[in-house]
Amino acid sequence: MSNHDQLHRYLFANHAVRGELVSVNETYQQVLANHDYPPAVQKLLGEMLVATSLLTATLKFDGDITVQLQGGDGPLTLAVINGNNRQEMRGVARVKGEISDDSTLQEMVGNGYLVITITPAQGERYQGVVALEGETIAACLENYFMQSEQLPTRLFIRTGHVADKAAAGGMLLQVLPAQERNEDEFDHLAQLTATIKAEELFTLPANEVLYRLYHQEEVTLYEPQNVSFRCTCSRQRCADALVTLADDDVTEMLEQDGNIDMHCEYCGNHYLFDAVDIATLKNGNSASSEQIH
């Protein structure tokens, strides 16, 4: 599509169907950086990243979406992607045990489930739980849309490599709400979209991708939105967490290592706190408490 990760929205003039097209090559590479995930887990995270970007683009408000696989008895105990309406993404996975290169979703997760959490900047949080009945993340999320919004939705996700670097992209088709539905038209557009090749998604401009798929259709392509990796960790957040720990626990950690090393699983950053830092934090927290009371 382009040298930078972007999400494009598009609309069919003669059908009550809208679409999205996204490429997340660079963001995907940053999610995988500093981690030694098995190839099957890398692929799964790429699929989840694409899906989260496409889902986030459906938000009509400022807020966050988290797509999380909670493992059951499989070796993949957790896989999660966080995104927001600004298309800022991050993700991480946890693995305990061996995962072969050709492991399926069910083999990795076991009797787990998919959790979609939508958190508006203002308003109540919504959470949907989907059983892993589909063979892919895309199939599971299509079930989610039918359960939660009753809107026929199809996702087409591709992962792979370009010049030996991880690449991922995808497309979403969805029937417009409050419109008269024509299942045959939607199925026809879905069949066309399913022919998209991975290398086309990874490398071609959006307008060329849409022309190759829908050259007999009238399609409006809207201005793109940039997609990026962004971690929300900070030294202050770590400090806020430390002051909630019991003094004995903090003292024990300091005695063992001489400092407390707080490591962010998402981006790999380390935040070190020594005894002087801890004392300053505790004193500051105590002073704040005195002011409150």
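Note: Cβ is positioned from N, Cα and C throughout, glycine not excepted.
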Disulphide bridge to Cys264 as given by Swiss-Prot, partner from Cys238, Cys267: Cys267
List of residues, in chain order, with Cβ under 8 A from that of Cys231 (disulfide bond) and at least 6 apart: Arg90, Cys264, Tyr266, Cys267, Asn269
